[in-house]
Amino acid sequence: MLKTFIERPVLSTVISILITILGILGLMSLPIEQYPEIAPPTVQVNATYTGANAETVLNSVVTPLEEEINGVEGMTYMTSSAANDGSAKISVYFELGVDPDIAAVNVQNRVSRATSKLPQAVVQTGVTTLKSQTSALMFFALYSKNKQFDETYIQNYAKINLVPKLQRVKGVGQVNVFGAKDYSMRIWIDPEKMATYGVLPKDIQNALQEQNVEAAPGKFGENAEGVYEYVIKYKGRLSVIEDYENIVIKSTGNGNFLHLKDVATVELGGFNYGTKNIAMGQEGVAVGVFQTSGSNAQDIITEVMSILEQTKPDFPKGVDYVIPYNTKTFLDASISKVISTLVEAFILVFIVVFLFLQDFRSTLIPAIAVPVAIIGTFFFLQLFGFSINMLTLFAMILAIGIVVDDAIVVVEAVHAKLDEGAKSGKEATLSAMSEISGAIVSITLVMSAVFIPVSFLSGPSGVFYQQFAITLAISILISAVNALTLSPALCALFLKPHKDSDHHKKNLKDRFFLAFNTGFNKMNEKYTGSLRFLVRKRWVTGIALLVFCGITYFLFQTTPSGFIPNEDRGIIMADLTLPPGTTLEKTQKAVDELDSILASMDIVEARMSVVGFSLLNNVNGGSYAFTVIKLKDWAYRKEANQQVDAVVGELFGRTAHFKDARALFFTPPSVQGFGTADGFEFKIQDKGDDDWATVSKVSNEFLGELMKRPEIQYAMTNFNPNFPQYQMDINVERAKDAGVSISDIFNTMQGYYGGLYTTDFNKFGKQYRVMIQAKPSDRATEESINNIYVRNANNQQVAISQFIDFKRIYGPEAVARFNMLKAVNVNGKAKPGYSSGDAIKAIQEVAAQHLPQSYTYEFSGMTREEILAGTQAAGVFLLSLIFVYFLLSAQYESYLVPLSVLLSLPVGIAGAIGFVKLAGLENNIYFQVALIMLIGLLAKNAILIVEFAIQRRRHGMDLMQAAIEGAKARLRPILMTSLAFIFGLLPLALASGVGAVGNRSIGMGAVGGMLIGTIFGVFVIPVLFVIFQSLQERISGKPFEEKQSDDVILLNEEYEE
């Protein structure tokens, strides 16, 4: 079969050309993203109970919804929150792989079952169910540069003209306009006029519901004998202010009527006044775009940016937009960096190959074979449903150094036959391939077997391992096909019998290569002498291996552990918290001060703020605000003090003087869909029935103990039960005695203070709400209650204050639950020098010592995944070793000889973890995937020596001599392939700028492991072979006949595999 490919080079090249064409087609159709889909599918449920406080919303809205939603198919956990603005939010997280559409339908069905248990006001407003990730894909803001338009106008312009287009973009789950200042027909009722005319809010509500309706009167002449029929049309919902002002509330007699304008002011205003948006220092509107699970982030952002640019000419004069945050910027820069690294690796690899092969024709063969394997991989990535992402690209960089090895083995073997006197390249290739084809297949199987356990992993870490490992395995398999088809055909065509170089004039290149070969031969002789000593003194190797095992164990114990490293994305988030009860206006002053600081910093490119909302805890409130800060491109931030961590430190320093305001600066998480901030995240849960004040006290005491740990930079929560509130009590007996309905009291209070949603109106092609409420000045203090009246059974006006008592209390602005238990959300970060793994361990230890028995805690977001990934990493590593061991056992027909391969691995592993620790990096998922790949590579080097030694031993050579000869013969190809791999990864290991942490994590681990594993492994492997082969022979006997003479020993078959 192999002879066919050598004799028919056109067939061989056609196979490779087809593989390349298919790879290009796959490349053109593959989506581009930073990471594969590893964020869990999420469904969000939102509801509003206008006028209700947080605890009321929790008890009457969140609890019944959660009770129905809990346990929905595929669910992993559920979080919820309720705030004093009446908002209720529930996020349901599902197992990775669950269809988000099915998940949304299942949740919606559960929500429908809970509808009958919800307050009527909530049902009227509506409960929405959305499939959307919890973290934003991008933020953009529209703002008025000349201050001509206010925030309400800009926000509604965006919602009318821009948001509908964005919602239609494929993959967009939610377009969140912060502030909810949708147009609303505001009916500002006057308490004094209302009392004068004896009108209650419910009277206005009834009048609106009666006169502001869409009606269907029918038709004249339908089904009649007449010629025509006429549709009867009613004017329907009102949309003009004057029409609302003229709504009749009641008749006052004598043909006179009381109109709405007599007791209220009507204006087209905003539905919500609880937030303010600021962009680039001007009033505007902030918009967050969220993707659905499984959608392509790159495509979404590209389409959104295109829509913004297309609609910009139609913006009102003076209105502009800014994009302070989008994940595409970092992705584009990262992909560009990795592609340049790929090219650099390719060049460096072939410089090393040329140095060893010393012939352009020979170097050209792997130079042709490697692109075929790399490009062809894209076709199979498309078949597997993968994408072009950081993991698949990293795998391809590593693959360059691996797949070049197969081509080198072929070229070296053919050169050996030419040195032995083969008369043509074709003859040498046929002879060489008959000897090495088995070794190529076995090494390929071993390299692929390393990655088999990865396919059984689940969760985000499983996706990480699979994308990396399967990409690498595909490249290796294509490389093996090339080594058995294309490379032999090219060798037969390109390589010629060697000429005697002693009789022609040597140029500079010839003299350099002569010196190189002379030096290498001397080194090889010294290497052989060292092996003879080590083979005789085997205890030295045993002690060395024990030392390496001890070093490996120590380094793994002391090297910080992590999951997905956080990179400099050029984005900083700020969360501002002011004292409980702080007004929106005062909070805005703190935001303005921060904005002035940011405007003065040259390194800041764009900024956007939302006052009245906490991004970190996803709750509304006047004492909260958040800011998104975009730094200039990485090309302009090359100095150490311009990196994102340094800028965060500077901002902490420049805001330390803020009075009352606490500013927390953080960077976005590594992966979208896992929370809002980097660092760790967990929930403190109350398993009992403590009040929120007690829950807060326990949580703060726990955080106080946690902050004493050296691993923790900060651990904080925004939960505060000390917001000033009034407890309202109704004297039911007094009300009943006066003939006043309790429901009228509630309705009147809501009408004046909370706001009554009555009917809707249509304008600009959209539907908006009509709201009844007292003007802010008429509900500013507790004394304003004295101006409010209610009607008794005798139709008399009585002061509502005589039935209501107020008590000054304190309570939370927002409350939360996690898996149906009261919860306090905690965010934090490990101190520099410590990893997230160290922080997790500290949290677990402090919780065990200081958290009461009636309380527990659960990690969430990325922290939860990191813990789950940690339990899988060791198992994957062990399974990979087991697969390699059994495959080698089958190959060598021995359970002992494979140990000479496996026991050499600690040397390389020590080098890998040692380099990572010296570089100040973490034992993260990038390093771990590199480590699994190293098992295969280091095993391959060992196999090359062991395979050769076994062949010599089977031909009757002395065991020690067979081991030494095997190592001596394979030293050059081992060093060549190892150095090619190492130099190919140097751009990764020495990376800086965008994506540097991930690049260095995988590069340093692989370079360190291969360098140390090769340098020490070539000494350790022959000794281990002697030890275990001698044990095998004691059990099963020698692998040859004793009478066999030495003259049959094929010492000249240097490349026999």
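Backbone N, Cα and C define each Cβ position, glycine as well.
According to TrEMBL, the domain 'SSD' annotation covers 368-493. Looking only at the domain 'SSD' (368-493), the predicted model's pLDDT averages out at 83.
Long-range contacts of the transmembrane segment (12-32) within the same chain, counting only residues at least 6 positions beyond its ends with a Cβ under 8 Å from a Cβ of the stretch, are 5-6, 296, 298-299, 331, 335, 368-369, 371-372, 374-383, 386-389, 478, 481-482, 485-486, 488-490. Among the features that TrEMBL reports, transmembrane segment is placed at 12-32 (among others).
Annotation source TrEMBL lists transmembrane segment at 338-357 (among others). Long-range contacts of the transmembrane segment (338-357) within the same chain: residues 363, 366-367, 370, 390, 393-394, 396-397, 400-401, 404, 408, 411-412, 415, 516, 972, 975-976, 979-981, 983-988, 991, 995, 999, each at least 6 residues beyond the stretch ends and with a Cβ under 8 Å from a Cβ of the stretch.
Marked as transmembrane segment by TrEMBL: 364-384 (among others).
Feature annotation from TrEMBL assigns transmembrane segment to 390-415 (among others).
The transmembrane segment annotation in TrEMBL covers 436-456 (among others). Long-range contacts of the transmembrane segment (436-456) within the same chain, counting only residues at least 6 positions beyond its ends with a Cβ under 8 Å from a Cβ of the stretch, are 2, 402, 406, 409-410, 413, 462, 465-466, 469-470, 472-473, 476-477, 479-480, 483-484, 875-876, 879-880, 883-884, 887-888, 891, 932-933, 935-937, 939-940, 943-944, 947, 1055-1057.
The transmembrane segment annotation in TrEMBL covers 468-495 (among others). Within the same chain, residues 2, 5-6, 8-9, 12-13, 15-16, 19, 361-362, 364-366, 368-370, 372-374, 376-377, 380-381, 384, 386, 391-392, 394-396, 398-399, 402-403, 405-407, 409-411, 414-415, 418, 425-426, 428-430, 432-433, 437, 440-441, 444, 447-448, 450-451, 454-455, 929, 932-933 sit at least 6 positions outside the transmembrane segment (468-495) and bring their C-beta atoms closer than 8 Å to a C-beta of that stretch.
Residues or ranges marked as transmembrane segment in TrEMBL: 539-556 (among others).
Annotation source TrEMBL lists transmembrane segment at 867-888 (among others).
Positions annotated as transmembrane segment by TrEMBL: 895-919 (among others). Within the chain carrying the transmembrane segment (895-919), a Cβ under 8 angstroms from the stretch's Cβ atoms is held by residues 545, 548-549, 551-552, 555-556, 558-559, 881, 884-885, 888-889, 927, 930-931, 934-935, 938-939, 942-943, 946, 950, 989, 1000-1001, 1004-1014, 1016-1017, 1020-1021, 1024-1025, 1027-1029, 1031-1032, 1035, all 6 or more beyond its ends.
Positions annotated as transmembrane segment by TrEMBL: 925-950 (among others).
Annotated transmembrane segment per TrEMBL: 971-990 (among others), in sequence order. Within the same chain, residues 340-341, 344-346, 348-349, 351-353, 356-357, 394, 397-398, 400-402, 404-405, 408-409, 412, 520, 524, 527, 915, 937, 941, 944-945, 999-1000, 1002-1004, 1006-1007, 1010-1011, 1014, 1018 sit at least 6 positions outside the transmembrane segment (971-990) and bring their C-beta atoms closer than 8 Å to a C-beta of that stretch.
Sequence annotations record features per position, and here TrEMBL assigns transmembrane segment to 1002-1028 (among others).
Listed by sequence, the residues of this chain that lie at least six past the ends of the transmembrane segment (867-888) yet keep a Cβ under 8 A from its Cβ atoms are 445-446, 449-454, 457, 459-462, 465, 561, 563, 837, 840, 859, 897-899, 901-902, 905, 925, 928, 931-932, 935-936, 939, 943. By the Cβ criterion (distance under 8 Å, sequence gap of 6 or more), the transmembrane segment (539-556) is not counted as touching the transmembrane segment (364-384), fewer than 3 such pairs being found. By the count of Cβ pairs under 8 Å, the stretch nearest in packing to the transmembrane segment (1002-1028) among 364-384, 390-415, 925-950 is 925-950.
Remote same-chain partners of the transmembrane segment (390-415), defined as residues 6 or more beyond its termini with a Cβ less than 8 Å from a stretch Cβ, comprise 34-36, 334-335, 338-339, 341-342, 345-346, 349-350, 353, 357, 362, 365-366, 369-370, 373-374, 377, 381, 425, 428-429, 432-433, 435-436, 439-440, 443-444, 447, 464, 467-469, 471-472, 475-476, 478-480, 482-483, 487-488, 491, 495, 498, 926, 929-930, 933, 937, 940, 972-973, 976-977, 980-982, 984-985, 988, 995, 998-999, 1002, 1006, 1055, 1057.
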